[in-house]
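Going by TrEMBL, these are the annotated features:
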| type | residues | note |
| --- | --- | --- |
| TRANSMEM | 25-48 | transmembrane segment |
| DOMAIN | 41-290 | domain 'G-protein coupled receptors family 1 profile' |
| TRANSMEM | 60-78 | transmembrane segment |
| TRANSMEM | 98-120 | transmembrane segment |
| TRANSMEM | 140-158 | transmembrane segment |
| TRANSMEM | 197-221 | transmembrane segment |
| TRANSMEM | 233-253 | transmembrane segment |
| TRANSMEM | 273-292 | transmembrane segment |
Amino acid sequence: MQRVNLSTVSEFVFVGLSDAPEIRLLLFVLFLLIYLATMAGNITLLVAISTDSHLHSPMYFFLSNLSLLDLLCPTITVPKMLGALLLEHKEISFSGCLFQHFFLIAVVGTEIFLLTVMAYDRYVAVCHPLRYPSIMSTKLCAQLAVGTWATGLLNSLLHTSMVFTLSFCGPNKIQQYYCDIPPVLTLSCSSTHSRELVLLVVAGVLGGGACVVTVVSYIYILLEILARNSPGIWHKAFSTCGSHLTIVCLFYGTTICTYVRPSSTYSLKWDRVVSMLYGMITPLLNPIIYSLRNKEVKCALKRVISQLRRAL
């Protein structure tokens, strides 16, 4: 038989969050406010870190990278979702879906690796405080940051090439508000089992490796705290690691639930909720968590806000 190219789908259509006009308007206002608050919070945190000399340390250098990722993550998906809610423009071209998928997976992957690097940074700060400046040198911090971004991009390139080189010839309705791996895979006319296996293995190895490094770092931190057993050590350690540990639990839990599993277990309602948690709520909460838990960040933010007030 003559082999025919079945990749005839030129665009995809997102399934709306709601068909009721009044609900769509309410969701539009809600998500717009969340998006604007996320932008304001992370931009303010970036400005505070870049302008305050007290925050020019490895911990805040990595935190600034995290804030940048938290700016990018919702920006990739939320504007399109807001357009669909307000204008009912739910279509996205094949190439647009590909690029949205690529950048989203790159940002999510980079954030996972960055949180792992931040766990190592906290380990060095607690377990080797005297050697911390020499171990976490400017050169090493730059290398770790570049490495996380490069790994995230390469991981996304692999995932995107594996998904979008499949044949798409039938239904084109994506059961999600953005181009994500599980709902796109369900639309393919090709057999996806082998590629799903590769994607699961890669995601499992990279994600599992990141989790192991993070868990081991915190085990060493816990052992160091128990070994010292000095007054106030628990409070000091919690103030040092509490914010990062909270973000790790939020982000790792939601992303692993979404990506490290077969597409056959995909659930429309559950996955929408989970994707909104790591795609919208976590980027909103990250600057709040670090602001509430960290006195230095609080002071820096107060100085930035006071400067803005004087300027206005």
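Residue numbers in this text run from 1 along the chain shown.
Placed from the backbone N, Cα and C atoms, the Cβ positions cover glycine too.
For the transmembrane segment (197-221), the partner stretch with the most Cβ pairs below 8 Å, chosen from 25-48, 98-120, 140-158, 273-292, is 98-120. Counting only same-chain residues 6+ beyond the ends of the transmembrane segment (273-292), those with a CB under 8 A from a CB of the stretch are 31, 34-35, 37-38, 41-42, 44-45, 63, 66-67, 69-71, 73-74, 77-78, 108, 176-178, 180, 243, 246-247, 250-251, 254-255, 257-258, 298, 301. Same-chain neighbours of the transmembrane segment (25-48): 17-18, 55, 63-64, 67-68, 70-71, 74-75, 78-79, 81-82, 85-86, 280-281, 283-284, 286-288, 290-291, 297, 300-301, 303-305, counting only residues six or more beyond its ends whose CB sits under 8 Å from a CB of the stretch.
Mean model confidence for the domain 'G-protein coupled receptors family 1 profile' (41-290) is a pLDDT of 84.
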